[in-house]
Amino acid sequence: MIKKRIAILGSTGSIGTQTLAVVREHAALFEIEVLTAGSNAELLIAQAKEFSPKAVVITDERKYELVKASLKSLEIAVYGGQEALSEVVQREHVDVVLTALVGFVGLKPTMSAIKAGKDVALANKETLVVAGELIMDLAKKHDVKILPVDSEHSAIFQCLVGESNNPIEKIYLTASGGPFRGKDIAYLSTITKKEALKHPNWIMGQKITIDSASLMNKGLEVIEAKWLFNLQVEQIDVVVHPQSIVHSLVQFEDGSLKAQMGLPDMKLPIQYALSYPERLPSNFERFDFLQYPNLSFERPDMDTFANLALAFASIKKGGNMPCILNAANEVAVAAFLNDQIGFVEMSVVIGETLEKIPFIDSPTLDDYLAIDEAGRVCAKELVTKKKKIYQIEK
Ligand code: NAD
Ligand code: MG
């Protein structure tokens, strides 16, 4: 494998730090060109000292002077602010951009990377949820690869190797079901932030952990899969699989099913996205069948976990709906983490926002930027109203 030079957007987060762990293990094959962080200056500085990138970005401008001063004896260009993300991804010596930012903020730098001809290892699923068609068209136009990092999508991607002429009949996205699997609405309306932040199988950033508990994560992944693999929504099924060993499945036209399996460890899909089409050796823990005599599968409860139903409805209608869904969800999750609304009210805020913002069939990039903003304003107003009710009830 030829050495790859990597830009990591969001290097201080869960995916970012695990990507650096993979790079550390394969130092002869990967080199870090760019690291970026939102506001965790201390960790960004430590990472820059260890991996000697050519450039770093701290988007929180209040931390810029600290980062600059701490790295001044090294030959590292230091930038501050959100716009710098779209600049650094274009650097000449970047081969692949791994997007590990959370949320809509990933959209512009991802587009900028694609336009500069860089392959994208995509963890930031929100970008495809918001503007999947636009991103996939752009990637085709600039002949760049979009390599999935999300474990389910990596599983499907791995199952499709060698199958390029064979149409997909259907895919099954597996879901752990999260910490509240089997619970009813009455139970969900009592749960606390602390309970929701405890995922049974994965340790992840806060936003995706809440999304996993509410099944919105699976909804976002349905939309992500539609665009990545060019599917109709009807070809995508979600199946709850609490052990998180089968990472997803593809069904072909002859009825054959292929699955990708293994213990849950994000380093594997991260490494595969970076080494594709090759596989690299790893010391990740191996699966032992005897430890798992029962792998089980069940239907998701979309009545209780309304977010999954809302996501399916949004992508079925298409247009700007997934963008509104995403904006409202980002606001709702932040409000839940801020103790402003309860767990079940997140779905109420998202559902009402989807009803309030006018439908657009074929949005442009400018439309998406405006819709995201409008969605946020609307959802925040709803949060303020709900917050009153929530606090009276408390
Ligand atoms: P995280 O919260 O742990 O890390 C986010 C990173 O982005 C941090 O480096 C943070 O500094 C940076 N960041 C946050 N807000 C920013 C902003 N406004 N501008 C610039 N940088 C910002 O998140 P994570 O769990 O690593 O998730 C990252 C992405 O990967 C998400 O889209 C998530 O859905 C996806 N993903 C994560 C996992 C996982 O196991 N963590 C699995 C699959 C997919
Ligand atoms: Mg996933």
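Every residue, even glycine, has its Cβ placed from backbone N, Cα and C.
A TrEMBL annotation is a machine prediction, not a hand-curated record.
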With Ser151, Glu152, Ser176, His199, Ser212, Asn217, Lys218, Glu221 listed by TrEMBL as 1-deoxy-D-xylulose 5-phosphate-binding, which of these, Lys125, Lys140, Lys141, is given for the same site? Lys125
Among Gly182, Gly205, Gly219, the candidate listed by TrEMBL alongside Thr12, Gly13, Ser14, Ile15, Gly38, Asn40, Asn124, Glu126 for NADPH is Gly205
When DSSP is mapped onto helix/strand/coil, what comes out for Gly38 (NADPH binding site)? coil
At the Cα level, what's the spacing in Å between Glu221 (1-deoxy-D-xylulose 5-phosphate binding site) and Asp150 (Mn(2+) binding site), rounded? 8
What is the total of other Cβ atoms whose distance to the Cβ of His199 (1-deoxy-D-xylulose 5-phosphate binding site) is within 10 Å? 19
Binding-site residues near ligand 1 among Glu152, His199, Asn217, Glu221 (Cβ under 6 Å): none
Among the binding-site residues Thr12, Ser14, Asn124, Asp150, His199, Gly205, which have a Cβ atom lying under 6 Å from any atom of ligand 2? Asp150
For Asn124 (NADPH binding site) and Glu152 (1-deoxy-D-xylulose 5-phosphate binding site), what Cα-Cα distance in Å is obtained after rounding to a whole number? 14
